[in-house]
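Notes follow the structure.
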């Protein structure tokens, strides 16, 4: 996972022994140094703006496959003998049930079509039915262009090709996480950012030239390798250099504006281009702007320190001095160098060590399950956009609009209302609106309820990402956040099949998502609140937060009954992490 290898100390509020810093400053070593050149100086503003295009790319990468594999709602068996008739007449004659307005998409009459053509009347009731023998006809009304699904007739017996291709796209994201995580660790964050976007861009363009299922899946797998990585690398890199005072706002506003803006724009780009191949070109070519990254983005100071290149890390910090026209005191820079040289010698801890603490294990596993649930509900509501019988493009757009208020609200109230309240309550509310939608038969009302549910799940999803960073002790923060991300991937690998299950029972996806939201919300109540708490540096620190900030934290647990097998928290003390 790419997140495994990128230090995620983005929201630190305390360390064991801070270096000299400006009065009132509270942060980690790098934050302490950067405080002297401004928490949001000119250089940071340039980096913030440079991050925005990658958020649009992230949205394009995530959702574009929906718009190239969607099939119109109206289709029926093609009958060559009826080719000279109008579309409506062809459908009325060949589709069983057409006279009722609800016809069979996958079957037609086993009859003498020459006789039907002569009489222009449908075969009599009781006529045997057979599967489509000559493909399908599509009415391009709700989807005004040919898609991969219509060109290759991925409907009826082949309708499962769409969720299979989508799931393998997300499987690619798992493989890409490991590959580009290794590249990021070995060669740096900027080369990894360039590499992941190039692979995604080339995979997207190659999709245009596919002709079948497996070549399409291969190309989408390549695009999937860039999913998440195409944005998260630059997102974490830029936030590394923004001071804690502005970091929460910058994180939520950048993601909300860029990812949300890209998702809002995408359906209308597809609608007005009305050609899936040109649409792929338009959404793939922007990924090549990553080639400019080495000339705009600095390398991660934390990574440079981790591989022992402290001198290069100092050069990066000096560039902030020059651009922001502020000076880092020599004694502060000297302490940074000394601390960096110590940090690079520290032994890396694994999650296995963390799991030996029952309290930490339960809290971490609980948060992972909650994040998994958020992923399933979030992705599922996106994929139901074409299931309510309304305009697919408008429904998707309105769903995406919820990203903006959700992220901006979080930027304002997250530090006031707390992580637990802003996870469990939105999850339960999301489940409630989905439940109401189950009992509503009107498509417009169902869509409206799903959009409100999407707004609330956006909030919970975003909070869990930051919450993980704040619960885990420093030695386990990067690896733990990566594990959280990885499990979330498995959730969205499964989601396309949950949505596909509507072919067996139309309400099954909604029922599944509602139950998932309720269960995740209930689990959230057992997690510790981290609002206003210093970031844990050791397992002992983390256990203290869990004991004092959990609703049932005073209950005697397994650890206290098995002291001999318990981890010695004091053995995990760490020095400053850069």
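Placed from the backbone N, Cα and C atoms, the Cβ positions cover glycine too.
Taken verbatim from TrEMBL:
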TRANSMEM  46-68  transmembrane segment
DOMAIN    85-531  domain 'Major facilitator superfamily (MFS) profile'
TRANSMEM  164-183  transmembrane segment
TRANSMEM  190-209  transmembrane segment
TRANSMEM  221-242  transmembrane segment
TRANSMEM  254-272  transmembrane segment
TRANSMEM  278-297  transmembrane segment
TRANSMEM  360-378  transmembrane segment
TRANSMEM  390-414  transmembrane segment
TRANSMEM  421-441  transmembrane segment
TRANSMEM  447-469  transmembrane segment
TRANSMEM  481-500  transmembrane segment
TRANSMEM  506-527  transmembrane segment
REGION    557-578  region 'Disordered'
COMPBIAS  557-566  compositional bias 'Basic and acidic residues'
How about the transmembrane segment (190-209) with the transmembrane segment (46-68) - do they touch, taking at least 3 C-beta pairs under 8 Å (6 or more apart in sequence) as contact?
yes
Calculate the per-residue pLDDT averaged over the domain 'Major facilitator superfamily (MFS) profile' (85-531) and state the result as an integer.
88
Please report, as numbers and ranges, the same-chain residues at least 6 past the borders of the transmembrane segment (254-272) whose CB is under 8 Å from any CB of it.
48, 51-60, 62-64, 67, 144-145, 231, 235, 238, 279, 282-283, 392-394, 396-397, 400-401, 403-404, 406-408, 411, 462
Are there residues at least six beyond either end of the transmembrane segment (481-500) with Cβ under 8 Å to its Cβ atoms? List them, or say none.
1-5, 8, 159-160, 162-163, 166-167, 170-171, 173-174, 177, 181, 228, 351, 367-368, 371-376, 379-380, 383-384, 387, 464-465, 468-469, 472, 508-509, 512-513
Any residues 6+ beyond the ends of the transmembrane segment (278-297) with a Cβ under 8 Å from its own?
46-47, 50, 53-54, 56-57, 60-61, 64, 67-68, 190-191, 193-194, 196-198, 200-201, 204-205, 207-208, 223, 226, 230, 234, 237-238, 266, 269-270
